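Q: Okay, so TrEMBL annotates it like this:
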| type | residues | note |
| --- | --- | --- |
| DOMAIN | 75-290 | domain 'Radical SAM core' |
| BINDING | Cys90, Cys94, Cys97 | [4Fe-4S] cluster binding site |
Amino acid sequence: MLLNSGNDTVPGRYWHHLDDGRIQCDVCPRFCKLKDGQRGLCFVRARQDDQMVLTTWGRSSGFCIDPIEKKPLNHFLPGTPILSFGTAGCNLTCKFCQNHEISKARQMDKLGSLATPEMIAQTAKDHGCSAVAFTYNDPVIFLEYAVDVAQACRELGLRTVAVTAGYIGDKAREEFFRHMDAANVDLKGFTEDFYHKLCSAHLSDVLETLKYLKQETGVWFELTNLVIPGENDGDGEFDAMTNWVRENLGPDVPMHFTAFHPDWKMMDHPRTPPETLIRARDIAIKNGIRYPYVGNVHDKSASSTYCHGCGDLLIGRDWYQLSDWNLDAHGCCANCGTGCGGVFQSTPGTWGPKRLPVKLI
Ligand code: SF4
């Protein structure tokens, strides 16, 4: 297959030559081995002549300003707007993908016109956003572009957020997360069988990323577990997952148990009953997780944040609207003074639930 030779193709990082003449991409644990002209599984990284290239630098699938809670991040600058965008392709093959029009895109003409890092950062700043999110598809596969955008954002005082499956190689991981201030990482299940059968990936690599984030970085991160009936919704799996999180990442990492809806290659599975999400949240609480939430369902109580010291309501949420705020200017409980894990401004943002599509100029 011929590669796009426009200026959206840039040299890729993290690859090496193999003895048999192929080159191996080391960006993610899939380690695609390519002959000249071939693309990796993510489709956007490819071998061109004798090097790896990224074919989607500067090409976006669209921009939208979202509430930061939609990423989801409940403990990072609550109430503020965040400029969100993605590109095309993905390095996982999740049969339940809820974003498959973007992640499975094979046509680069699905992508918009050139969006330079400076244009993106300036647009976010002009709209009063707190941050820019790399989302809709996994930014690991467009690492070079994400890093360039992140640098432009930081120059304008904006934060950066990655929404990712955490499926990334050792060296690429260091560079990628050095440029991120926060992340939401999908923990899609807690068995190798689940990752193998439904994502063609390995749980162990994702767990390595999570331990790296906790032990080696200052990135604020939260976890999302999409709960699929009959696949990853057993008490034993919730128990093992939440115990692992508390023991390896600590009690302050928020966990979002979110509802699945039939999509992509899993149209035969029903929606997740709200009671299942409550059951997962209850197990998380039993195992010492301080900030477990339900998502994709309307449940004010189970979407709100409570003080782990006195039990008072700290941050009330009604979908993506903040309804209560009982943190002091230092991010501590206004009632008992116990600190709440997260990154908070002295007052909450007032963006509300709005979604605002934007065009770059
Ligand atoms: S980033 Fe893409 S090309 Fe590289 S190993 Fe992963 S799927 Fe393969």
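Including glycine, each Cβ sits where the backbone N, Cα and C put it.
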Q: State the count of C-beta atoms found within 10 angstroms of the C-beta of Cys90 ([4Fe-4S] cluster binding site), not counting that atom itself.
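A: If we count other Cβ atoms within 10 Å of Cys90 ([4Fe-4S] cluster binding site), we arrive at 26.
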Q: Go through Cys94, Cys97, the listed binding-site residues, and name the one with the sparsest Cβ surroundings, counting other Cβ atoms within 10 Å.
A: Cys97
Q: Take every residue in the domain 'Radical SAM core' (75-290), average their pLDDT values, and give the whole-number result.
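A: Mean pLDDT for the domain 'Radical SAM core' (75-290): 93.
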